[in-house]
Amino acid sequence: MNILIDTTRAMQIQKMLRDRDISFEVTPSSLSGSRNRSPILLSPRPRSPRREMDWKDFYPLEKIYRFIDSLEVQFPSTCTSTAIGRTVEGRDIKMLKISNSDACNTGVWIDGGIHGREWIAPAVVTYIADQIAKNFDNLPQSITNKDWYLLPIVNPDGYYHTHNGDRMWRKNRAKIDNTCFGVDLNRNFGYYWGRSGIECSPDDPSHINYRGPEPFSEPETSAVKDMILYSGTPFKIFISLHSYSEVIAFPWCFTSEPCADYVNLLEGATAMAKAIYDVNGRMYKVGNFKDLMYFATGTSVDWSYGTARIPFSYLIELRSKQHKFLLPKEEILDCCKEIFSGIKALAEFVDKKKCLNCTMFYNKNC
């Protein structure tokens with residue numbers, strides 16, 4: 001597409017195109033005009049997501065957001081980029097929804113980057129977004145019969161800070177007082193918040209797991225809560241991606257007692273683990289979070305299962321036990337591929353299972 005403009009508006013139009021991350025070429029026009037108003041041609045070129053992201057490196061916040069927006073531009077019939085809230089420092093919390101708009105669809109929620117230093121999680125979410133968006137028409141029904149809510153970075157301020165300050169920063173960037181910053185967003189959800197002792201849910205603002213002054217005190221956790229509860233979509237799957245431990249965990253985090261749907265959750269986790277292993281031979285442990293990890297309260301996965309009533313709720317700890325938070329960039333793509341394989345297996349597994357709570361998901365029109 002060519003746009004013919006005069007030189008007096010060239011700077012304005014070029015700035016607008018750059019702000020929208022649209023590539024263009026400037027070409028002198030052959031049309032005549034006055035000396036100071038010679039027309040020029042602008043030729044915008046759509047930007048391919050592949051040119052933005054190749055999953056061979058860890059990318060900064062702004063590049064991830066440009067990529068999410070580019071998917072909406074490329075696939076407007078299925079992709080919608082939305083800011084579901086703003087952080088304590090005023091940054092957008094940007095989410096991508098992929099859907100064929102079928103009213104009978106159930107929902108899948110996948111988020112990453114709730115802790116700033118866990119860089120592999122946003123990489124995996126963006127890879128999943130790319131794969132579903134560009135291949136939507138060729139994917140199995142277990143993928144296309146769902147609305148996909150993909151939130152690459154729950155904690156944009158923390159993620160930004162790890163790229164421009166402290167690489168090991170975990171919390172958000174809420175200013176608690178003159179000396180302390182940050183709330184652990186995965187201790188700020190309103191299910192068993194603040195219970196089970198100081199180790200599980202510390203009230204000390206200087207602690208790395210500080211829970212915040214009250215449940216959902218932080219705009220980031222509140223945005224997730226509101227999106228899930230008020231989207232109008234009946235969610236069946238919730239997955240929060242973290243690093244590092246290579247485990248697929250499910251509720252509960254606050255107790256070693258099994259949840260009501262322990263067997264179904266274990267079977268779903270096992271289906272994921274097998275699919276992951278089939279890709280690269282990587283073995284992920286599966287089980288109750290407390291049994292695999294430690295006690296924790298106020299977590300998003302307990303809230304999604306206990307309050308939002310999402311029956312297949314998981315917390316996946318990604319690679320790598322060897323490199324911990326500093327995963328080599330050479331392993332990014334392999335990690336992305338294996339996790340996407342696992343999630344496809346879970347989607348198929350869920351469709352084969354009878355609904356765990358028929359009154360919650362029953363739609364008389366479907």
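Start at 1 and count along the chain as shown; that gives each residue its number.
Yeah, the Cβs are placed from backbone N, Cα and C, and that goes for glycine too.
Because TrEMBL annotations are produced automatically, they should be read as predictions rather than curated entries.
These figures come from a predicted structure and were not determined experimentally.
What TrEMBL records for this protein:
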type     : residues : note
ACT_SITE : Glu317   : active site, proton donor/acceptor
COMPBIAS : 34-45    : compositional bias 'Low complexity'
DOMAIN   : 57-350   : domain 'Peptidase M14'
REGION   : 27-49    : region 'Disordered'
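Confidence across the domain 'Peptidase M14' (57-350), taken as the mean pLDDT and rounded to a whole number, stands at 96. In the three-state DSSP scheme, Glu317 (active site, proton donor/acceptor) falls into the strand class.
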